Amino acid sequence: MSPLLRRLLLAVLLQLAPAQAPVSQPDAPGHQKKVVSWIDVYARATCQPREVVVPLNMELMGTVAKQLVPSCVTVQRCGGCCPDDGLECVPTGQHQVRMQILMIQYPSSQLGEMSLEEHSQCECRPKKRESAVKPDRASTPHHRPQPRSVPGWDPAPGAPSPADITHPTPAPGPSAHAAPSAASALTPGPATAAADAAASSVVKGGA
């Protein structure tokens, strides 16, 4: 056998070896487990129109129908993953599709038509950020705060409000250096007591 033929036979055996290897599957013996390739997983998850189930009560806000048959329909809407967290899958092409829906309202029912939106093209675009507009303090006029209302206050016409009523400031109390009171003025001091004693002794000596 020539070396070239040996190499070809070895290559064929290497290719057939993984396919002939036994696969252990307790739940399904004799069946090889199917693995979805990465390219298929990525293609299925990309941003594209896909069939989704939409409840009719969310599409028809304010409908008087008591019951809709069917209660939900399938339409093509954009969905899927974007390569960046700052992007979102949004529709770039849409059209209207009309469907027949049975509207039941006791005791009668009728077959009607309704228009639903379907997406035909999708694209990943930056997410819309809600800009928080803060008012400029310099441009905002300053308003004087209004006085708080007093419970039970019923002002008469022309009467001042409780916030406009001013109370007199109480006079300051006596200080430490204030003049002595009347009681302390009547109390004799040491010099006065000595003069009174001398006067009484003179009176006694003269007697």
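Cβ coordinates come from backbone N, Cα and C, glycine included.
As given in Swiss-Prot:
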type: COMPBIAS; residues: 124-139; note: compositional bias 'Basic and acidic residues'
type: COMPBIAS; residues: 174-201; note: compositional bias 'Low complexity'
type: DISULFID; residues: Cys47-Cys89; note: disulfide bond
type: DISULFID; residues: Cys78-Cys122; note: disulfide bond
type: DISULFID; residues: Cys82-Cys124; note: disulfide bond
type: REGION; residues: 124-207; note: region 'Disordered'
type: SIGNAL; residues: 1-21; note: signal peptide
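Positions of Swiss-Prot features highlighted on the structure.
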residue	record	Cβ neighbours (10 Å)
Cys47	disulfide bond	20
Cys78	disulfide bond	23
Cys82	disulfide bond	18
Cys89	disulfide bond	20
Cys122	disulfide bond	22
Cys124	disulfide bond	18
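A straight line from the CA of Cys89 (disulfide bond) to the CA of Cys124 (disulfide bond) spans 5 Å. For the pair Cys82 (disulfide bond) and Cys47 (disulfide bond), the Cα-Cα distance reads 6 Å. The separation of Cys47 (disulfide bond) from Cys122 (disulfide bond), Cα to Cα, is 6 Å. According to DSSP, Cys78 (disulfide bond) is assigned to a strand segment. Here the C-alpha separation of Cys124 (disulfide bond) and Cys47 (disulfide bond) works out to 7 Å.
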